[in-house]
Amino acid sequence: MSGELNGNDTSVQAAVSAGSVLEGAAFADEGEQHNESMKTLVLGALGVVYGDIGTSPIYAFREALHAAATNGILARSDILGVVSFIFWALTLVVTVKYVLFVLRADNNGEGGILSLMALVRGALKGRPDLILGVGICGAALFFGDAVITPAISVLSAMEGLEIVAPNLTPFVVPATVVILVTLFSVQKLGTGRVAIVFGPIMALWFVALGASGLWHIFDDPTVMAALNPYYAVRFLTVSPAVAFVTVGAVFLAMTGAEALYADLGHFGRKPIVRAWLWIVFPCLLLNYFGQAAFILSHGEAAALPFFQMIPSFALWPMVLLATAATVIASQAVITGAYSVARQAVQLNILPRLEIQHTSEKLHGQIYIPRVNLLLGLAVVILVLGFEKSSNLAAAYGIAVTGNMLVTTVLLYIVMTRIWNWRVSRALPIILGFLVIDMLFFSANIIKVHEGGWASIGIATVLVLIMWTWVRGTRHLFQKTRKAEVPLDLIVEQMAKRPPTIVPGTAVFLTGDPKSAPTALMHSLKHYKVLHENNVILTVVTASKPWVALADRARVSQYNERFMLVTLTFGYMQQPNIPRALGLCRRLGWKFDIMTTSFFLSRRSLKASVHSGMPLWQDKLFILLARTASDATEYFQIPTGRVVEIGTQVNI
């Protein structure tokens, strides 16, 4: 479905109608080609993809041990069980599920939950709303993750001050707020100039993780016995109730795994996989096993083991490096939130948002002021409300486990409908993933009262907003379509009663090229004039991320006065109507911006009891429509060439 471009409401009714064996399997059918060197891409992936999961050792092992302790006492079997569980969870969830399977499910090279949703909907007849609903839930959970990640990451790093200088403990929360406010304040300047150091800093961070862990493994080398899954299984079976609660905390070691897929379009599969197998996975394991060995030999150190196992002379540098790493992790999540928000707008899941480009060279570097403001406020409120990273842990797990569960469900459809796998082949794999996902999700969902309510609350509000927008735009489209007049009939009437012809070209934007655009009807009714050349323009968003320039425009001559033009953009592309119309020159229409006027409809919406939606949802939709960014700016049309015609619509 395509969309009419209006001033206050809908813009686009979107047409979404460890080692070589693993690596070899992951790269089967590999088709990516990169101009940059592999080393550069791997380094870049360290700075963007792995910031979140790379900072998990600061708090994940600590939280898991707290959950596993019985009356504050940890047995040796508990410590080995927890670290064994972390090892096998990272192996099965990240290395097997994401590296071997999910990264293959790209949508023309792009990843992320909305890309996966668009891919699945495009493969199913009728583009079922159930898949749209699943995608909306996944996107809402991602935004919930984007709120929690900066809060828990930076807060956990600043808690290192409690070890370095206990007298600075009261300043942990204020310092965290200052760092986060600064981070969100500088977003409008762009990250291009500083992003170049993200990779090297994160590389140094992973080296520090691995080195500190390796050093302390020698405190108790027997910790390596935890590589045996026996310890994980024994931990789960000896005390199931305690183990079940601990599973929720263990999942914190997996947070950030979804970034492997979300950032697929930025780096490609090969650099992401190589960074994981060669650097990230080994360094994470060394650190987790090092923390376990340190606690086995220093039982009293379970409070903040990550910082407590650092030598005193290296504490300050480690706190500073941890702070830098968590800021980078937060930056990656913020950038991801911008990207998902843009996709949601293009897929007509959210209203139009003002999108600013912060780099002339890199089109993907964008800044969305409204998303930045709401995200920043939510993050600061979480920090002030929860005060400690341990209090945020419960909220964190629900968002990420929910997102992973959605990914698994959509992956099954990709396997059976796109890869054409037999159900007998796909189902056992998916069931295995679902068992793991459900185990983690159920272990986290029981923590609603401990802070999980924050994650659920954020996701619920966002689902409500997105579904209201989808439902409202559909009702509006159907209602206005009933009142529209077929273009054939208007042309026939004009042939009988010709209006006054004025020079120039008029472009009328519409969601249905078979109907006369509202702006055209008002122009004929009130001014009784028709331009010499008239273009009925439809903008369509494809279910793939990128549309080649050769496929951007379709032009057909309706009659001597009217021309039909369809512009198609991918959901990762920012529509630029004047530039796209310039491509029509090679199709026979000599577009000249200086002699062209763009006619847009600006609708004033009013709630109605007959809309088909509850009155409260009508009012919410109207509020969302009023806050949508201006169509002229969104589609990058010169303001001096735009004529807006207002209409009132009861929905």
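Placed from the backbone N, Cα and C atoms, the Cβ positions cover glycine too.
Listed in Swiss-Prot:
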TRANSMEM  41-61  transmembrane segment
TRANSMEM  82-102  transmembrane segment
TRANSMEM  130-150  transmembrane segment
TRANSMEM  163-183  transmembrane segment
TRANSMEM  194-214  transmembrane segment
TRANSMEM  235-255  transmembrane segment
TRANSMEM  276-296  transmembrane segment
TRANSMEM  309-329  transmembrane segment
TRANSMEM  366-386  transmembrane segment
TRANSMEM  395-415  transmembrane segment
TRANSMEM  426-446  transmembrane segment
TRANSMEM  450-470  transmembrane segment
Inset, instruction - May I ask which of the stretches 41-61, 130-150, 309-329, 366-386, 395-415 has the most CB pairs under 8 A with the transmembrane segment (194-214)? - result: 41-61
Legend entry - the transmembrane segment (366-386) versus listed stretches 82-102, 163-183, 450-470: most Cβ pairs under 8 Å: 163-183
Legend entry - Listed stretch, out of 82-102, 309-329, 426-446, 450-470, that has the most CB pairs under 8 angstroms to the transmembrane segment (235-255): 82-102
Inset, instruction - Given the cut-off of 8 Å on Cβ pairs that are 6 or more apart in sequence, determine whether the transmembrane segment (82-102) and the transmembrane segment (450-470) share at least 3 such pairs. - result: no
Inset, instruction - Report, as numbers and ranges, which residues of the same chain sit near the transmembrane segment (130-150): CB under 8 Å and 6 or more residues beyond its ends. - result: 16, 52, 112-114, 116-118, 120-121, 124, 180, 183, 255-256, 258, 262, 326, 329-330, 333-334, 336-337, 340, 344, 349, 375, 378-379, 382, 392, 395-396, 398-400, 402-403, 406-407, 409-410, 413, 454-455, 458-460, 462-463, 466-467, 470
Legend entry - Stretch of maximal Cβ-Cβ contact with the transmembrane segment (309-329) [cut-off: under 8 Å; candidates 163-183, 276-296, 395-415, 426-446, 450-470]: 163-183
Inset, instruction - Sort out for me which stretch, of 41-61, 163-183, 276-296, 426-446, 450-470, has the most Cβ pairs below 8 angstroms to the transmembrane segment (395-415). - result: 426-446
Legend entry - Folded-back contacts onto the transmembrane segment (163-183), same chain, C-beta under 8 angstroms, at least six residues removed: 150-151, 154-155, 304, 307-308, 315-316, 319, 323, 327, 330-331, 334, 376, 379-380, 383-384, 387
